[in-house]
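Enquirer: Quick one: this structure, given as structure tokens, is what I'll be asking you about.
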Amino acid sequence: MTDTTDLVPLGWDDAWAAAYRETKGATPFALEPGRVGRVDRGRVTVHTTAGPVPALVRLPAGSDLEDQPTTGDWVGLERRDDGDVVRVVLPRRSSIVRKAAGERSDAQVMAANLDHVLVAVPFETRVNLSTIERYLVVAWESGAQPLVVLTKTDLAFDPDATRAEVEAAAPGVGVLAVSAETGEGVDELAAVLAGGTTALVGQSGAGKSTLVNALAGEPVQAVSDTRQDGKGRHTTTARELVPLADGGVLIDTPGLRSIGLHDDGEGVALTFPDVEELIGSCRFSDCGHVSEPGCAVRAALEEGDLDERRWHSWQKLQREAEWIAMRTDPAARSAARRRWAATGKVGKAQAAIKRGQDPFARS
Ligand SMILES: Nc1nc2c(ncn2[C@@H]2O[C@H](COP(=O)(O)OP(=O)(O)OP(=O)(O)O)[C@@H](O)[C@H]2O)c(=O)[nH]1
Ligand SMILES: [Zn+2]
């Protein structure tokens, strides 16, 4: 029997233990539990009670691309003299999926089993609220709770005003401010992240690496590590899965750092509850929010209750989400065609689709 207390810093809990027992009972292999860190072309690094080990993946026949282990997955590992093998992936609690428009329509799971998705945004003279909204769509879509962290408070001109602005663009989402430079706010953030798994997203230069190091309590770099069981194999201590000093674990991968939009509409709705509510109170259920009588959106825009910027952000993200859904779902496709026909955009859009382009790319 494996002593799994060593897995607790990686996010192991009673529910995972139960899920693991069930999965293990259904396979003929002698398995050991572990959590996936690095994933690299069919090879993975699995963090086990004996430390990180490299492994190949052999899932049961009929497994899809989406079933392949990704960073954050809990797996059953078969230890073999000729190389360790991942045999099963435990059912996921949540996941960040990439299904970018214009690319192959396979969904790629970028990170799994997250409690929080932390969107890192640097304090700037003008924080880009639309970029935050875009990340929040991805975050909500994962099934985890989104959080925003404003980084580099030490550089902020008016942190309270900026924070208020961000809070207004992120209903239902906690907004924290930190400085890795002065340490301000880091303990508060650490307390929120303790005890769960957090995926870190945000644009280049947002201060993610600096924040990871501050939360880990040490510089987290790719350092080589040797297995302690004498087999002499080498692996890299994946900084993909970073246990935090105050508890909890952070997932930080290059793929997540450049995450795009994958959505079937639910993430957009959760990011913009205010806009959704307005749309729900337009007089006509198929309101185009242009010049229709009784349009609640137009009224809110005119009265200043809804920001022009936020409205345009919703329109753009909603169109992208529809475009992605349309590529995969015939019902969504015909619904989009009907709507485009109504607004006279159908010819242009169809021509773009024929060319294999996103019909909304330049809108
Ligand atoms: N003043 C100040 N500078 C910071 C702080 N955090 C990060 N920086 C600086 O911001 C720059 C970018 O920080 P990184 O941590 O590399 O940002 P990143 O998000 O990891 O960037 P990528 O690796 O490109 O995704 C570096 O020059 C950091 O030193 C902070 O709290 N205060
Ligand atoms: Zn309307």
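The chain as shown is numbered from 1 upward.
Glycine too: its Cβ is placed from the backbone N, Cα and C atoms.
Keep in mind that this is a model prediction, so the values were computed, not measured.
Sequence annotations record features per position, and here TrEMBL assigns GTP binding site to THR151, LYS152, THR153, ASP154, GLY202, GLN203, SER204, GLY205, ALA206, GLY207, LYS208, SER209, THR210. The annotation Zn(2+) binding site is assigned in TrEMBL to CYS282, CYS287, HIS289, CYS295. According to TrEMBL, the feature domain 'CP-type G' maps to 103-259. According to TrEMBL, the feature domain 'EngC GTPase' maps to 112-257.
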Enquirer: Taking DSSP states H, G and I as helix and E and B as strand, how many residues of the domain 'EngC GTPase' (112-257) are helix, strand and coil?
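Expert: Counts, helix then strand then coil: 47 helix, 36 strand, 63 coil.
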Enquirer: For the binding-site residues listed here (THR151, THR153, SER204, THR210), which one has the lowest count of neighbouring CB atoms within 10 Å of its own CB?
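Expert: If we count Cβ atoms within 10 Å for the binding-site residues THR151, THR153, SER204, THR210, the smallest count is at SER204.
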Enquirer: Using a 6 Å cut-off on Cβ distance, which of the binding-site residues GLY202, CYS282, HIS289, CYS295 come close to any atom of ligand 2?
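Expert: Correct list: CYS282, HIS289, CYS295.
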Enquirer: Neighbour count, 10 Å Cβ-Cβ cut-off, for HIS289 (Zn(2+) binding site): what number do you get?
Expert: 19
Enquirer: Sort the binding-site residues CYS282, CYS287, HIS289, CYS295 by C-alpha distance from LYS208 (GTP binding site) and give me just the closest.
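Expert: Result for LYS208 (GTP binding site): the nearest of the binding-site residues is HIS289.
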Enquirer: Could you list the residues of the same chain, at least six apart in sequence, whose Cβ is under 8 A from the Cβ of CYS282 (Zn(2+) binding site)?
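Expert: Same-chain residues close to CYS282 (Zn(2+) binding site) (Cβ under 8 Å, separated by 6 or more) are HIS289, GLU292, GLY294, CYS295, ALA296, VAL297.
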Enquirer: If you count, for each of the binding-site residues ALA206, CYS287, CYS295, the other Cβ atoms lying within 10 Å of its Cβ, which residue has the minimum?
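Expert: Candidates: the binding-site residues ALA206, CYS287, CYS295. Fewest Cβ atoms within 10 Å: CYS287.
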Enquirer: Over all shown protein chains, what is the count of other CB atoms within 10 A of the CB belonging to LYS208 (GTP binding site)?
Expert: 22
Enquirer: Report the binding-site residues (THR153, SER204, ALA206, LYS208, CYS287) that meet this criterion: Cβ distance to the nearest atom of ligand 1 under 6 Å. Use sequence order and write none if nothing qualifies.
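Expert: Cβ < 6 Å from ligand 1, in sequence order: SER204, ALA206, LYS208.
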Enquirer: Tell me, how many other CB atoms lie within 10 A of the CB of GLY202 (GTP binding site), whichever protein chain they belong to?
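Expert: Taking all protein chains shown, GLY202 (GTP binding site) has 23 Cβ neighbours within 10 Å.
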Enquirer: Compute the mean position of the Cβ atoms of CYS282, CYS287, HIS289, CYS295, which form the recorded Zn(2+) site, and then list in sequence order the other residues of that chain whose Cβ is within 8 Å of it.
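Expert: Output for this site, in sequence order: ILE279, ARG283, PHE284, GLY288, VAL290, GLU292, GLY294, ALA296, VAL297, ARG298.
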Enquirer: Round to a whole number and give the Cα-to-Cα distance in Å for the pair CYS287 (Zn(2+) binding site) and GLY202 (GTP binding site).
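Expert: Approximately 34 Å lies between the Cα of CYS287 (Zn(2+) binding site) and that of GLY202 (GTP binding site).
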